[in-house]
Amino acid sequence: MSEEQFGGDGAAAAATAAVGGSAGEQEGAMVAAAAQGPAAAAGSGSGGGGSAAGGTEGGSAEAEGAKIDASKNEEDEGHSNSSPRHTEAAAAQREEWKMFIGGLSWDTTKKDLKDYFSKFGEVVDCTLKLDPITGRSRGFGFVLFKESESVDKVMDQKEHKLNGKVIDPKRAKAMKTKEPVKKIFVGGLSPDTPEEKIREYFGGFGEVESIELPMDNKTNKRRGFCFITFKEEEPVKKIMEKKYHNVGLSKCEIKVAMSKEQYQQQQQWGSRGGFAGRARGRGGGPSQNWNQGYSNYWNQGYGNYGYNSQGYGGYGGYDYTGYNNYYGYGDYSNQQSGYGKVSRRGGHQNSYKPY
């Protein structure tokens, strides 16, 4: 059973990193605008199978709620070749026509979904999200109406039932854009490594904007790590293709560095692919409290070189906690079924992919 999805979904997002996804790449993801209603609890028992492992999961999770193809509407409105400003306005308008539908039965088909919601207005398109491993429904999908008034009609109805299940329709809106990641953390660096040597090595990947060499407050000596900021995001992507880099005489571990705001945003939307996959927690390495006294960066696990399971600002552990709750829509994808629950497993994610 292959996943039913829209023809234009693939153009909705570009490949990049999870947590460090660039602004344009993250505009496609959607979050629920309304709080969970009673129907969510009622529908939670009907959901779909578990998520995919490794890179497959990263791509699927990252694209959940991606922009539904509304090319027909764009052509009708004359937006197909419009300016970027008009394109953004059209995209914002289309958000008013979309709905997230949770609590679906595993037996619900795309036709069932379209037939049910067509009584509220013309349905331009709809999709069901399927588990890429089992091919079974994950218990949620998306509906795109031709007019926003249809969404209002759906929301005005107190309860919705489809295939014997109480379902949970919600308005959907675009996720907030994310800042591009231009800064990296370099761990395991010898305090004796000259700044010129650091700049020379990392300058080979792209133009370095600044290098931060934190000092130990007690000894007034350099500590065993640094932060490097680049002019662009591309050098960070290149560097993150390898976990370890030899800088001078040191074998250094590289991780994406996030500000407190970026970290909180990443936690809000859940761990995702790209950079995250390359910083998976594991054992080993000397124990150094690197992050102590360096409060400009949220506690991302830099201080624990023992690689705890939740270290590195949500990069470790690989449990997809943000994805389990599906951006606030409720847990429709990780539910027990007659087939049993498909366990979530860690894995290497190489890029951000559309579903």
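Every residue gets a Cβ built from N, Cα and C, even glycine.
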Listed residues ARG136, ARG199, ARG278, with the one flagged omega-N-methylarginine by Swiss-Prot: ARG278
Cα distance (Å, whole number) from LYS129 (SUMO2 cross-link) to LYS243 (N6-acetyllysine): 33
Integer Å distance between the CA atoms belonging to LYS197 (SUMO2 cross-link) and LYS119 (N6-methyllysine): 67
Proximal but sequence-remote residues of the same chain as LYS197 (SUMO2 cross-link) (Cβ under 8 Å, at least 6 apart): VAL247, GLY248
Mean of the pLDDT scores, which run from 0 to 100, over the domain 'RRM 1' (97-179): 88
Tally of DSSP helical, extended and coil residues in the domain 'RRM 1' (97-179): 20 helix, 35 strand, 28 coil
Reduced DSSP assignment, LYS243 (N6-acetyllysine): coil
Neighbourhood of LYS251 (N6-acetyllysine) by C-beta distance under 8 A, where only residues 6 or more apart in the same chain count: GLY188, TYR244, HIS245
